[in-house]
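Read the structure below first, then the notes.
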Amino acid sequence: MSLSPDADVSRTRVYGGLVLGVVAVSWAAPLIRFAEAPSLAISAWRLTLAAVPLLAVALVRGRAELASFSPRMWGWLVLSGLALALHFATWIASLQYTTVASSVALVTTQPVWVTLFAWVALSERVGPRGLMALGLCLSGSVLIGARDFAAGGTALWGDALAVVGAIMAGVYFVIGRRVRESMSLGTYVGVVYGVAAAALMAAHLFVDSPLTGFTPITWWVLVGLALVPQLLGHSLLNASVRHLSAPFVAVASLGDPVLSTLWAVPLLGEKPDWVQVLGGGLALVGVLLMSRDEAARQPPPPDAVPAAD
């Protein structure tokens, strides 16, 4: 949890940035619920508005780096971008069917899928603590799913979409770990966000979903999603990893689903019941254990791949 030895960065500034980053990211789910637009359009505009400045920076600062990429590297970047697009498309869609509490608890299980994919694709061993974390996350997810199944309606479908969103985020993270060894964070994020935004915009050519014609409030919400959770929130979290230990930042990031659920109580009238609290709690404890196990086995680079939600 200790600060890295950097005389130019004060303790207050670092911890304040981390807290502000977590708070900013936690507004994503409530803001999405206020947008009167199809989920695919919300996904497309959120990523496009965020990708424009990121891609511009990558093209200006990383021009030589981009020119050196092999066709194989471009293939990995495109695959990562498509996974990120599917993550946002499915998770944002889940919020139209299930509660904020259920959705954010399930999509936060991303580290579990990262570990599973790294185990299969990268032959990384899973220790006893990792297996315990898998069990806790699975138990919490089953509890939430059983609760929503008993409640009937479309909630279970929303839960399934949130899980798919977590799986796609896992694919994005594992590819990022593989290719980030040979490129800068800014270049990686700019290209991948650009691919994801282009994919979501192109998807509107094949589905009957409007991209325009929304109310002024909805447009402000879309801009807010790009600026607050995406650019401000994730930028601050990435900056925190440079000065604080990765496990500490991972623990602090668990405040995201907790705060999202709290915001939903007064703003959306969604008060979680004891099953959601228990299931979400089990899943979050599992994510915490998995994050600590991951950090112990393979510390991330100084500037980690940004979180996806």
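Positions of Cβ are set from backbone N, Cα and C atoms, glycine also.
Curation does not apply to TrEMBL; its annotations are automatic.
According to TrEMBL, the protein carries these features:
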type     : residues : note
DOMAIN   : 20-144   : domain 'EamA'
DOMAIN   : 156-291  : domain 'EamA'
TRANSMEM : 12-32    : transmembrane segment
TRANSMEM : 44-62    : transmembrane segment
TRANSMEM : 74-94    : transmembrane segment
TRANSMEM : 100-122  : transmembrane segment
TRANSMEM : 131-150  : transmembrane segment
TRANSMEM : 156-175  : transmembrane segment
TRANSMEM : 187-207  : transmembrane segment
TRANSMEM : 213-232  : transmembrane segment
TRANSMEM : 244-268  : transmembrane segment
TRANSMEM : 274-291  : transmembrane segment
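Only residues 6 or more beyond the boundaries of the transmembrane segment (274-291), in the same chain, are considered here, and those with a CB under 8 A from a CB of the stretch are 99, 101-102, 104-106, 108-112, 115, 129-130, 132-144, 146-147, 246-247, 250-251, 254, 257-258, 261.
The list of residues near the transmembrane segment (213-232) in space but at least 6 beyond its ends in sequence, with Cβ under 8 angstroms from a Cβ of it, reads 20-21, 24-28, 31-32, 34-37, 41-42, 45-50, 53-54. Here the transmembrane segment (12-32) touches the transmembrane segment (244-268). Their Cβ atoms form 3 or more pairs under 8 Å, with each pair 6 or more residues apart. Sequence-distant contacts of the transmembrane segment (100-122) (same chain, at least 6 residues past either end, Cβ-Cβ under 8 Å): 29-30, 33, 91, 94, 130, 133-134, 137, 140-141, 144, 147-148, 155, 158-159, 162-163, 165-167, 169-171, 173-174, 177-178, 250, 254, 256-257, 260-261, 263-264, 268, 270, 272, 276-277, 279-280, 283-284, 286-287, 290-291, 293-294, 307-309. The stretch from 44-62, 187-207, 244-268 with the most CB pairs below 8 A to the transmembrane segment (74-94) is 187-207. DSSP places the residues of the domain 'EamA' (20-144) in helix, strand and coil in these numbers: 103 helix, 0 strand, 22 coil. Averaged over the domain 'EamA' (20-144), the predicted model has a pLDDT of 90.
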